[in-house]
Amino acid sequence: MEPSLLPAVQNSPKSTLRCSMNLHHRPSPSVSLLLLSLKLEVFFLPGTNIIIKLLTILSRPFGPGHISRCSGPGPAARDTPPLAGKIAVLSLGALPLSFALNYVSLLSYPLGVVLMSTLILGLLSLAIYSLSRSDIYYDPLYAVFAVFAFTSVVDLLIALQEDGYMAGFMAFYTKEGEPYLRTAHGVFICYWDGIVHYLLYLAMTGAIRKRKSYRNFGLYWLGSFIMSILVFLPGNILGKYSSEIRPTFFLTIPFLLVPCWAGLRVFNQTQVPTCCTPNMVEEDQRKGLLRRPVDLALIIYLIFAAFFTLFRGLVVLDCPMDACFVYIYQYEPYLRDPVTYPKVQMLVNMFYVLPFYGLAIYALIFPGCSWLPDWALVFAGAIGQAQFSHMGASMHLRTPFTYRVPEDAWASFFVCNLLYALGPHLLAFRCLWRPAFFLRPPPGPPAHHEKQH
C-alpha cells in the first residue's frame, strides 16, 4: 500500500469502529443497541441501495446527448440531496422509546395504545416544529417527512421483532394495536417502510434543508406510499383479521389524506430544467419506432406485462379457465390466502396499473407526451413496493404452507415477478435519462405574410 493512502485508511469509518470496539470490550446496553441497529441496517440495505442509487441517477436530467453536447453535469447532478442527520438522530429515538413502552402496563389495553400513540405523535410534532421552524416554513412537508421517518423506524422494529431478530420492543403494539401487522404481508410492508421509505424521508428532508429539489424522490415515494395504503387498508377490512380491528386503525385516517396533499405539492414543484435544445427535441421526435430500439423493447415488455396483469386479475376473480386453475394451484397459491392482501393487490394492479401500461405504450409511440416521466416514477414506486411485499409474503414462514410458492415453481415465480418489478423502473429511467422525445415540440417559426398594397 502506498504511504499516501495510509492516513485515509487509518481514518476510515471501519478502522474507527474497530478501534472503539477494542477500547470498550464490554459495551453498555445503549451502545449494544446502537451496534445492533447498525448491523441490521448493513444486513438489509444492499437491496435498497440499488433503489436509492437508481433514484439518484434518475434525479439527473442529463443524458448521453447532454454529455456529448453540453459541458459538465446538469444541476441535479451537482445538487444530489444529502441525508438529513438531524432527522436521522430524532427518528432513532424510537429505539429506546419503544423498548421502554413495551413494559408500560397501560399499553396492555387497545385504548391505552391509541392514547399513547397520539400523545407520542403530538410531542414529536412539537419537537420537530421547535427544532426546524424555518425548514417547516419553507416547506411544510418537512414536518410530515420527519414524523414519517420516526414511524418508519417503528415499522422496522416491528418487522425485525416479528421475524425473531430482536425482542422486547413492539410486542404490545402488534398485540393490542394492529395485530394484522403480524401477517407476512404486514411484515414486508414494515420492512419496505423501515428501509426504502426511511431513506427517502432522510433524502427529502435533507433536500429541504439545503433548499434543493426533491421532486423525483417525492414522486417515487408518493407512488409507493399510495400503493401500500390501497392494498393494506382494504385487506384489513375484508380479510380474516377484519374482526380484530382495534381503535388504532382510525389513526391511519391521516395516511389517506396526507398523500393527496403531499402529491399536489410534489407535482406543483418546478421541474428541473433539461439541457435539451429545440433541435435535439425535434431530432428525437422525428425518429420512427424502429430507430428507437429501447422504446421498442419497452413497448414489447409493457404488452406482456399488461397481459400478465390482466391474467392475475382474472385468477383472483375465480376465472374458470384451466390456465387460471393451474396457475393459482401450482405457481402462486398465495393468491388464495384468506388474508385477502394478494387478491386486493391483483385487483389494484388490474384497475390502475393496467390502464397506465396502455397509456405508456401510447406515449412511447407518439412524441410530446410530457406527462409520462412523472407518472412513470409514480408507478415505478408503486409497483416496486407491491412486488416486494407480494414476493416476500409468498415465501414467508408466516404464510401457511399450503399457500406458499411450491419449491418446483420458485424459478418461474421469481423470474416473472422480478421482471414485473424491474420493467417500470427501466421505463422511468428511460424517460428521465433522455427526455427529449417526451417534451412538447417547440413552436414553429411565425408565419410571415407579405403586405399587399
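Every residue, even glycine, has its Cβ placed from backbone N, Cα and C.
Heads up, TrEMBL stuff is auto-annotated, nobody curated it.
Keep in mind it's a predicted model, so treat the numbers as computed, not measured.
What TrEMBL lists as transmembrane segment is 107-129, 141-160, 180-202, 214-233, 245-264, 296-317, 346-365, 377-397, 409-433. The domain 'EXPERA' annotation in TrEMBL covers 138-263, 294-428.
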Winner by Cβ pairs under 8 Å against the transmembrane segment (180-202), considering only 107-129, 214-233, 296-317, 346-365, 377-397: 377-397
Positions on the same chain near the transmembrane segment (346-365), where near means CB under 8 A and six or more residues out: 227, 230-231, 289, 295, 298-299, 302-303, 305-306, 309-310, 312-313, 315-317, 335, 371-372, 375-376, 379, 382-383, 386, 427, 438
Which of 107-129, 141-160, 214-233, 245-264 contacts the transmembrane segment (377-397) most, counting Cβ pairs under 8 Å: 214-233
Model confidence over the domain 'EXPERA' (138-263) (mean pLDDT, whole number): 89
Residues of the domain 'EXPERA' (294-428) by DSSP state, where helix covers H, G and I: 110 helix, 0 strand, 25 coil
